[in-house]
Structure formats: C-alpha cells, structure tokens
Amino acid sequence: MCRLKHRGPDWSGLYQHESNFLAQQRLAIVSPLSGDQPLFNEDRTVVLVANGEIYNHKNIRKQFTGTHNFSTGSDCEVIIPLYEKYGENFVDMLDGVFAFVLYDTRDRTYVAARDAIGVDPLYIGWGSDGSVWISSEMKALNEDCVRFEIFPPGHLYSSAAGGFRRWYTPHWFQEQVPRTAPYQPLVLREAFEKAVIKRLMTDVPFGVLLSGGLDSSLVASVTKRHLLKTEAAEKFGTELHSFVVGLEGSPDLKAAREVADYLGTIHHEFHFTVQDGIDAIEEVIYHDETYDVTTIRASTPMFLMARKIKSLGVKMVLSGEGSDELLGGYLYFHFAPNKEEFHKETCRKVKALHQYDCLRANKATSAWGLEVRVPFLDKEFINVAMGMDPEWKMYDKNLGRIEKWVMRKAFDDEEHPYLPKHILYRQKEQFSDGVGYNWIDGLKAFTEQQVTDEMMNNAAQMFPYNTPVNKEAYYYRMIFERLFPQDSARETVPWGPSIACSTPAAVEWVEQWKASNDPSGRFISSHDSATDHTGGKLAVANDGHGAANGTVNGSNDVAVAIAV
C-alpha cells in the first residue's frame, strides 16, 4: 500500500478474508467524511475497493430505495447493489470512470473491471504461487509478480469464468465508417456541456487546467457558464480557478491569460525552467512508469504544475484530453487520404488513449494526490463524436474547415459567445511544445551530453526490445530499466513509428514521415503547409511514439492484491 500512498493520501483501508486481501489508498473527492473503503453490503459478505467517479450514482441509488441501505455517500457504493441484482452484467450501467475489484465471500469469487476508455488505470499480475494481483500502478506489482500486464480498458475479469471479457462494445469499435449520421452542431454542443456539468460533482475545491488551446478553453468556458447552477457552487462559490504551466514567454501562458481574463477566472500561472524539468525527469518516469519520449516530455510540466495546484488546497481539476483523438485534431490528420482512413485513425487513437494522454494526465497529477477529470471522454459524447460522418471532421481548405472544425463551429455562438474568435480557431499545439519550444530543445541538448555515440551504436545490444532511436529515448530508457528492470515492465510500453502523435499506420500516409525520429509536432505548423498530400511542402518530424500503461486517477484509488 505504501507504494501507492501518493495516489490516495487521505485514507488507508485493508480487508482480509482467508487468503484474500483488498487494500485501498483513498483520495477523497465525493463524500470525504463517509466514503472510506473498503465498502460493504449490509451483511458484509460483498466487499468493494474502487477508484473512480460514478456520475449517475444518485439515479442508481433511487433504483434501490427500500431494498438496499446505503451506509456511505460514496458514489462508488452503488456498484455493490448493482452486482447483487445483476451479477456480473452491470458494468455498462455505470456512467463514469473507474477501476474496481469486488469480492464475494459467499462463493469466494471476485470481479474486476476498468472503465470504457481506460481513464482510470489498472494492472493485473500473476505470482509464482498461483496468486492474482490487481493494482492501479505497476510499481505495486513488479516485485511480487512473475508476470504482469495492463488490465485492458472496457473489460471485466471474472475469477468464476477464469478470464477477461469485453463489456464495452460501441458501434465505432469495429472501425466501420458511419455514413448516415449528419453533423449536428447543437447536438455536439449539448453532449459536451452535459459531459462537463456532470463532472462538477465534487465535495472538495476544484479548478480547470487552461492552456489557452481550444480544448481546455472550451472546458473552462462551459464550466464557468454552468457553475452557478451546480451543487459545487453552493459549497464553494461561483469563482472558478484556472491553472497553466509554461516556460517564461511560452505560447500557452499568453493564450491562457487571455482566456482567463475573458472568462473571469481566478488565474494561476506557474513558470518552470528547463533545468526544473530536467531535475524532475527521474520522478516523472517513476510515476508515469514509461520510457516513451512524448509522454515524458508532456508529463514533466504537468507533474510540476500538479504539485503547485495541490499546495493551494485544490484536489480535482477538469482537463481537455481526448478531443484530438475523437475529432482528428492533430495536425497530421490533414494528410488523411480519405474519410475511411481518417475514421480508422480516430478509432485507433481512441482505443490507445489509455497508453498515452490518459496515462500522462492521470499519473503526472496523481503523483501529488490530484485528480483529473476529462469530459471529452464521456461515453455519450464519444457516441456523438464517433457517430457522425467523418467527412465533416476532415481538414478542407476550400471549405474553410481546419482541424476540429466541428467543435469550433458548434461553439461559435454570435449572440452568447463562449470564447473570443481567435481562441476558438487557434491552431493545435502539442502540450510539450505549447509550454515553450525551448523545453524540447533543452531536453535534446541535455540528453545529447548524457548519451555518447558509442552508447547509441550499441543500443540494439543494450535494449533489444523497443530499441531507442535517439539519445533522448536512450536516456529515458536507462532510467526506466533501473527503476523497472522486469521484462513485463518494458513490455507495457508500446512502441513504433509516429508523426506528431500518430499511430504507426498513419505514418504510411506521407513518404517523408518515415525518415525522422523526433516526436514533436512543431514542424506541422501551418494550415497552408498541409495542403500538399505528397509531403512536398512540409518539413516533418517522425517519432518513436509509444506510451505506457494505465494508472489510477480519481477520488478513490485502488491497490488490490487477491490471492487465489
């Protein structure tokens, strides 16, 4: 449990039944005075440890009026009566993000499940004595398990059935192009506003991360607009706190300040230096549990910012992760050869989010006991965004459509504007670039000094699995291998060619993209430059972008060991 205490510093809970153990480190966001875990049914025969937020828990509670006596105000407690009524077939009834283990003492069986997209991380491992271990982070398993792996998102593990089964099966998962659903701006807007509003369920102070880009700015704008009508406003008032991090003079600092002034938030601007970031890299790799270059670059400023936010007494923030994957917002999507390939790439990106942006946002913040909530990854919003004809999402210079045009158009309200026009139509920046271009250059210069040419020449012998392609990747890999030397650990980190956060499949779209090895998207910087689908006008960087596993985020952190 001590290995995960950073994730849940508010409470430690432990339960034992015969040779089965459930342990939990809690970060209290909902019902902080009554929601300590483990949670039990009335006769204490069913035991639950859970991390997450169940946004429809009040509606679920109404279903059990008179039939179940709830003992806490925890949103996660509703998992118990759902299990008692429906057995293992209840997970899709939960609206939220979660990672949980439920143990039934009556037949000594257990189920574990992870949310649809993998916003909350989870791992599973196997001991030499036949035991099964389930935990929010890899570091709680790597010394006790012979083998461990990522617990797949959208899946349930049943000890009775002896394995996994997928519970999340949306239409888009088959990657077939939707052809009948038109683009309806107000439907998209309403789905997003509902996603934001439900994530204002909190009993502790909160804020928003605000980089000044489209996604975080929309989250902040919708939050500010609807905060007055929420229970959170009754408890903490209608002032909204916003947070940004960057090097002095970075693009994000300037844009975030403008948005904050426009919305009237209480804005907090955190500066860091390249040396601050370099000094934090080993801690970032320890908490992120990855050696992926892009993830480490972006996680480091977020890691530094999370510590400052927590020091202000804030325990939860809303953020804009997921939009680029759902809507094709990365600039490389301009080069998709047709809508079929565009849609397949969005499907691949959303399926992999638990290894990339979800992992970064979760682990970099939970290192300091801070929870991140991501409204773009609401299940209903995903259905709307992935259900429309992808033709509407595609870049089209002749029609005036830039990346994420469908989202920009949906919130382009002349009478009651959500954002200034130039912010609403601000071009995409990768987070690691937006915090300041000197950050990436500084990392490259530093790692160039740490890794010799001779070391790189022998990289394949030192690291035959996922061999580093440049000195920066080699440096991160050295730290990772020292912290997590097991084969299972290095295998949790996917790897492969990428251009500005693309999947390996999208690298095939442009011949030039296969030649470089830098993950930054900075060179795809002009909408005009993306008009040449042969790559003729574009200087691009190609990445070995593979991220890491999942981590747990959230109000209740789960650290579970179950021996069978």
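Glycine is treated like the rest: Cβ placed from N, Cα and C.
Computed from a predicted structure; not experimentally measured.
Of all the Cβ atoms in the protein chains shown, 27 others lie within 10 Å of the Cβ of ASP75 (L-glutamine binding site). Among the features that TrEMBL reports, L-glutamine binding site is placed at ASP75.
The feature ATP binding site is assigned by TrEMBL to LEU209, VAL245, SER319, GLY320. The Cβ of GLY320 (ATP binding site) has 24 neighbouring Cβ atoms from other residues within 10 Å, across all protein chains displayed.
Among the features that TrEMBL reports, domain 'Glutamine amidotransferase type-2' is placed at 1-162. Per-residue pLDDT, averaged along the domain 'Glutamine amidotransferase type-2' (1-162), amounts to 96 for this model.
If you look up TrEMBL, you'll see GLU321 marked as site 'Important for beta-aspartyl-AMP intermediate formation'.
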Around the Cβ of LEU209 (ATP binding site), the count of other Cβ atoms that are within 10 Å: 26
Rounded Cα separation (Å) that holds between ASP75 (L-glutamine binding site) and VAL245 (ATP binding site): 32
Cα-Cα distance linking GLU321 (site 'Important for beta-aspartyl-AMP intermediate formation') and VAL245 (ATP binding site), given in Å to the nearest integer: 16
